[in-house]
Amino acid sequence: MIPNTPSITPELVAEHGLKPDEYQRFVELIGREPTITELGIVSAMWNEHCSYKSSKVWLRTLPTKGPRVIQGPGENAGVVDIGDGLAVVFKMESHNHPSFIEPYQGAGTGVGGILRDVFTMGARPIAALNALRFGDPHHPRTRRLLAGVVAGIGGYGNSFGVPTVGGSVGFHERYNGNILVNAMAVGLAKTDEIFYAAAAGVGRSIVYLGSKTGRDGIHGATMASAEFGADAEEKRPTVQVGDPFAEKLLLEACLEIMQAGCVVAIQDMGAAGLTCSAVEMGAKGDLGVELDLNAVPCRETGMTAYEMMLSESQERMLMVIADGKEDQAEAIFRKWGLDFAIIGKTTDTLRFVVKHDGDVKADLPIKELGDEAPEYYRPFTETPPRPVLGPSDVNHAVSVADALERLIASPDLCSKRWVWEQYDHLILGNTVQRPGGDAAVVRVNEGPKALALTTDVTPRYCEADPFEGGKQAVAEAWRNLTAVGATPIAVTDNLNFGNPEKPEIMGQFVGCVKGIGAACEALDFPVVSGNVSLYNETNGQGILPTPTIGGVGLIDDVEQSMTLAFKAAGEAIFVVGKTDGWLGSSAYLYTVCDREDGAPPPVDLVAEKRNGDFVRGLIKDDFITAAHDVSDGGLLVAIAEMAMAGRIGASVDGVPAGMPAHSFWFGEDQARYVVTLPANQAAEMVRRAEAAGVPVTKLGKTGGDKITLANERPIFVEGLRDRHDSWLPIYMGAN
């Protein structure tokens with residue numbers, strides 16, 4: 001009989017985030033009342049963050065296979081073949097709740113956690129990205145949270161030595177009480193040297209590696225599976241503390257130990273720490289696990305079994321060592337100044353047994369904790385469709401020129417240079433395109449291949465129509481990769497939503513996942529990894545549905561990558577794709593008209609594929625000189641961004657009869673790109689487009705120092721640049 005103190009009360013169960021019926025299910029499973037350590041273990045393994053119990057049923061519907069896919073969802077990261085015996089290993093993951101409570105450490109350890117997911121697979125990290133969402137800029141907390149998160153990301157990534165090469169930042173009042181910090185890491189590995197989490201072989205040593213265990217982060221995973229109330233600030237002790245220099249040592253030691261042939265299975269200690277890593281290794285390998293916590297290296301005295309099992313101290317790994325390799329593995333880790341301790345063994349019992357001070361603190365069935373955790377088909381209601389806005393439904397109170405200046409200096413569309421200048425985006429020396437373009441481009445070793453990387457989502461669209469919003473997030477990632485000349489190969493997703501127990505929120509989740517699946521299927525763009533973050537609510541107010549897509553593309557020859565800047569005066573400007581002037585749920589409507597209504601633009605996936613393949617062909621043929629996808633803000637914002645990047649003006653027109661100029665210039669119709677080419681190639685451009693069945697329209701030509709439009713005052717490029725570049729530094733510099 002396992003001694004059972006303290007006794008388990010309904011209040012204690014509720015504090016651990018378990019519903020009464022879940023607790024009852026657990027009691028029936030083990031046939032007795034659990035110990036406090038067992039309650040802690042099951043609360044960690046069965047919470048939303050670790051078990052995906054509300055989302056699993058829908059995640060299974062996503063397309064996850066493809067000719068390049070080596071490993072899809074279910075491991076620490078996705079693995080995709082890029083040829084020449086190499087694979088790209090990548091994943092995106094949220095650290096939303098910790099970053100709201102303690103922004104510097106929360107964001108920093110989010111970066112650390114996702115880097116570990118990548119190098120656990122045997123890959124050396126080569127790039128990091130992020131997608132950040134903050135509240136209304138006027139909210140008293142927003143500036144402090146933004147400063148802390150950006151400093152935390154930069155502090156960890158820069159110290160670890162990985163370039164942060166891209167990302168996105170957005171603002172909306174719906175994030176006032178729950179910011180989003182989605183971190184993505186990308187690494188390179190040899191295709192025949194990928195390492196997995198599933199334990200193999202009975203009686204093998206289970207080894208603890210890395211930094212010592214402390215009391216930081218206990219119940220971090222449980223906190224990440226709950227709504228916030230007014231006491232959110234008091235949860236600061238549940239936020240982990242990171243040490244990027246220890247993580248750098250851990251990376252080098254892990255890669256060396258892998259090369260030495262010592263590793264049977266490896267898992268990083270992330271959410272729920274030792275509990276989750278040990279259970280996952282055993283459950284995936286159909287083996288039992290027995291741990292002796294007296295062997296765990298601790299940095300604090302008197303730690304209980306409960307605390308050791310649930311600590312989320314950072315920079316730690318769990319490994320199953322090949323027979324007879326213990327001494328060799330230990331020598332490698334000691335060389336790097338890291339802890340190495342044999343803390344258990346694999347068994348054939350399918351039990352998860354935890355001992356401390358000679359007592360059994362937990363004895364549980366391992367499969368039911370891990371891959372057989374509860375699963376819910378939660379009831380949902382579909383988001384009611386919004387009406388389509390016609391040209392007469394929008395009152396254009398300002399000129400096109402004034403609207404452009406307002407958009408370009410708005411919080412969502414302004415330059416994020418203030419953010420990315422705090423990140424080292426050039427370390428390792430392989431960054432070809434730095435932040436500020438459509439996608440980051442990072443050389444693969446010495447080249448000629450390169451990877452293109454992006455993070456994308458338009459929460460406004462997902463709120464208005466989750467299915468179309470999910471499709472659009474994937475389509476925009478696909479366009480951004482295409483615009484730099486890459487062939488899109490795979491995605492990772494980070495699905496951020498409110499409380500799934502509310503049918504309308506679950507409906508948003510289901511709609512977005514269906515949209516993501518439809519787009520990934522149509523665009524041959526499989527989902528290979530990802531993360532779900534639910535309960536992003538404070539006092540009952542949920543975030544905008546935010547299914548962030550991290551896209552990865554492959555460029556065969558980095559010399560052929562494309563940028564968005566205008567290159568020379570006198571070149572022809574074309575828009576590829578059809579312009580209908582769609583203003584519903586647009587940035588123009590939100591920023592200039594102070595409205596958030598109307599159906600978002602529909603995403604025609606056949607047109608996306610056709611138009612994108614056409615543009616990629618133009619880039620490969622060296623036919624065009626610049627390319628930029630059209631997204632937030634529409635056509636004129638895209639042209640302005642190209643003009644500002646190249647410091648060259650443009651003379652443009654082309655508004656069709658009967659369409660308001662504001663609709664033409666600021667509508668957010670999908671599947672569009674702006675491209676430039678030598679003026680003498682304009683007729684050939686039209687011929688190529690007709691042959692491909694792609695609509696194109698000539699808009700004008702580059703040149704001068706201003707953007708000129710019919711019936712509008714000229715807009716000077718340098719003035720636009722000043723507006724674009726100054727909003728964020730001025731905002732962050734204000735008291």
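Glycine residues also receive a Cβ, built from the backbone N, Cα and C atoms like all the rest.
Feature annotation from Swiss-Prot assigns active site to H49. Residues or ranges marked as ATP binding site in Swiss-Prot (evidence: sequence analysis): Y52, K91, D493, G530. Under the heading Mg(2+) 1 binding site, Swiss-Prot lists E93, N531. Look at Swiss-Prot and you will find S94, H95, N96, H97, R116, Q240, E312, S313, Q314, S533 tagged as substrate binding site, backed by sequence analysis. According to Swiss-Prot, the feature active site, proton acceptor maps to H95. The Mg(2+) 2 binding site annotation in Swiss-Prot covers D117, D268 and is backed by sequence analysis.
Where Swiss-Prot records a feature, it is marked here on the structure.
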residue	record	DSSP class
H49	active site	helix
K91	ATP binding site	strand
R116	substrate binding site	helix
D268	Mg(2+) 2 binding site	strand
E312	substrate binding site	coil
D493	ATP binding site	strand
G530	ATP binding site	strand
Secondary-structure category, per DSSP, in which N96 (substrate binding site) falls: helix
Beyond the site residues Y52, K91, D493, G530: chain residues whose C-beta lies within 8 Å of the centroid, for ATP: L59, P73, M92, E93, T492, N494, L495, V527, S529, N531, V532
Those residues of the chain, 6+ apart, with a Cβ under 8 Å from that of Q314 (substrate binding site): T109, G112, G113, S211, D216, G217, Q240, V241, G242, D243, A246, E247
Listed recorded positions E93, S94, H95, D117, D268, N531, filtered to Cα within 10 Å of Y52 (ATP binding site): N531
Cβ atoms near S94 (substrate binding site) (within 10 Å, other residues, all chains): 27
Neighbouring recorded positions, C-alpha within 10 angstroms of E93 (Mg(2+) 1 binding site) - of H49, R116, D268, E312, D493, G530: D493, G530
Cα separation, N531 (Mg(2+) 1 binding site) to D493 (ATP binding site) (Å, whole number): 6
Cα-Cα distance linking N531 (Mg(2+) 1 binding site) and K91 (ATP binding site), given in Å to the nearest integer: 8
Cα distance (Å, whole number) from D268 (Mg(2+) 2 binding site) to N531 (Mg(2+) 1 binding site): 16
Site extent for substrate (largest Cα pair distance over S94, H95, N96, H97, R116, Q240, E312, S313, Q314, S533, Å): 21
Residues satisfying Cβ distance under 8 Å from D117 (Mg(2+) 2 binding site), sequence separation of at least 6: N76, A77, K91, E93, A185, D268, G270
Euclidean distance between Cα atoms of H49 (active site) and S94 (substrate binding site), Å: 10
Spatial separation of H95 (active site, proton acceptor) from R116 (substrate binding site) - C-alpha basis, Å: 14
Residue, out of the binding-site residues E93, D493, whose Cβ gathers the largest set of other Cβ atoms within 10 Å: D493
Cα separation, the residue listed as 'active site' to the residue listed as 'active site, proton acceptor' (Å, whole number): 11
C-alpha spacing of H49 (active site) relative to E312 (substrate binding site), in angstrom: 13
Other C-beta atoms that fall within 10 angstroms of the C-beta of the residue listed as 'active site, proton acceptor': 32
